[in-house]
Amino acid sequence: MFTLISVLSLASLLLPHVLAGRNSFLRCPNSDHYHKPGSEKCCKFYALRDDLQDNLFTNHCGDNARLAVRVSFHDAIGYSKSNHSRGHGADGSILIFSDIETQIFPNLFLPPFLDQLKPYLTKYPGVSAGDLIQFAGAVGISNCPGAPRLQFLAGRPNATIHGDPTLIPSPANSAETMIARMNDAGLTAEDLVHLMASHSIAHAKNVDPTLNHAPLDSTPNKFDNQYFLEILLRGTGVPGTTKNFGEVNSGMPAQGELRLQSDSNLARNPLTACKWQSLVDDHEAMKDGYKDAMAKLAVLGQDVDDLYDCSDVIQKAPFLRSCAASYPPGKTFADVDKSCSAPFPELRSQRGQPTPIPQDY
Ligand SMILES: *[C@@H]1O[C@H](CO)[C@@H](O)[C@H](O)[C@H]1NC(C)=O
Ligand SMILES: *[C@@H]1O[C@H](CO)[C@@H](O)[C@H](O)[C@H]1NC(C)=O
């Protein structure tokens, strides 16, 4: 009897999902993964996830994770409520019609990354281009400490027309222009500010032609609030060459940080400044807001009733022990371009000397 009990309790430690949830989880065919009843269609995404993690992302919040997040936006935003011939949104057209869609500025440098994604389409035949792109974005960002676990719905049909790449916002846009573009795609100004959280893990590529990896904040490998604070710091110079399209003075040029004109505009415009400021010290709001805005973005132009939920496949991001931004060394509230009338949050200051932002791709 003693032996039987200890064998059972050992088994329940090792296989909790099998014993406790015999009724709730089922094994995917030829796999160690388990799915909920009714979602066996999600099984192919477990295999795809492991493949992407091992081979495309190497489980790392690096360049390919950043590019996957960027492509998930550039594909989906190719949608206009006022003219459906300009694109079908999150349909994978950027992959299927990459020859056309990478002809213009915001997509010019994407072909090498898209070429790395394409083989997964043939390797996983039931996965459409639109599914692959949104899935890669959600899996990619799950490598970044502090990121939310994004919703993932599957079942988008393959793109049948190319998107109009001029629908992608430009780094030189005013806040008003970007808000109007978002509204035309079915998103709000608030969604836009929440989507900017993706720039907390971003590098600018070729905005300054001499800098292929210019971070937009001091922690480009973490989904943290530094970005929302640092964009509000008064601009003092640029990290590389001057007079680049879409670039303005950054608050931390000597450390290598680059600032996009569009980011600067959103942080300071009366329409968006208070939402922006609210994200300086609230990591939960940053996470939840990004998750909700991405849930809308990822299905733009799609018929949600035809999609099925495979969010269980997406893993949790590493935990981040941080709930507010802190002033980088040498910076204080006196350096903030305060743009919202609400009181500015009290923030800690980092000690030490300003140091270059680590170059980690
Ligand atoms: C809708 O978009 C298509 C494709 O870009 C374009 O050819 C057409 O002129 C547009 N229609 C209107 C009414 O603007
Ligand atoms: C989508 O198109 C790609 C490329 O043409 C193809 O490899 C893939 O099998 C298609 N997937 C679906 C689900 O139709």
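Every residue, even glycine, has its Cβ placed from backbone N, Cα and C.
Checking the candidates Cys43, Cys61 against TrEMBL, the cysteine paired with Cys28 through a disulfide bond is Cys43. Going by what TrEMBL states, the Ca(2+) 1 site holds Gly89, Asp91, Ser93, and the candidate of Asp75, Asp115 recorded there is Asp75. Noted from TrEMBL: Cys310 is disulfide-bonded to Cys42, selected from Cys42, Cys61.
Of the listed cysteines Cys144, Cys274, TrEMBL assigns the disulfide bond with Cys340 to Cys274. When the C-alpha distances from Cys28 (disulfide bond) to the disulfide-bonded residues Cys274, Cys310, Cys340 are tabulated, the minimum falls on Cys310. According to DSSP, Cys43 (disulfide bond) is assigned to a helical segment. Taking a C-beta cut-off of under 8 angstroms and a sequence separation of 6 or more, Cys42 (disulfide bond) has the following same-chain neighbours: His35, Ala154, Tyr308, Cys310, Asp312, Val313. When the Cα atoms are compared, Cys144 (disulfide bond) and His199 (heme b binding site) turn out to be 12 Å apart. Cβ neighbour count within 10 Å across all protein chains ranks Cys144 highest among the disulfide-bonded residues Cys144, Cys274, Cys340. Taking Cα separation as the measure, Cys61 (disulfide bond) is nearest to His199 of the recorded positions Cys43, His199, Cys274, Cys340.
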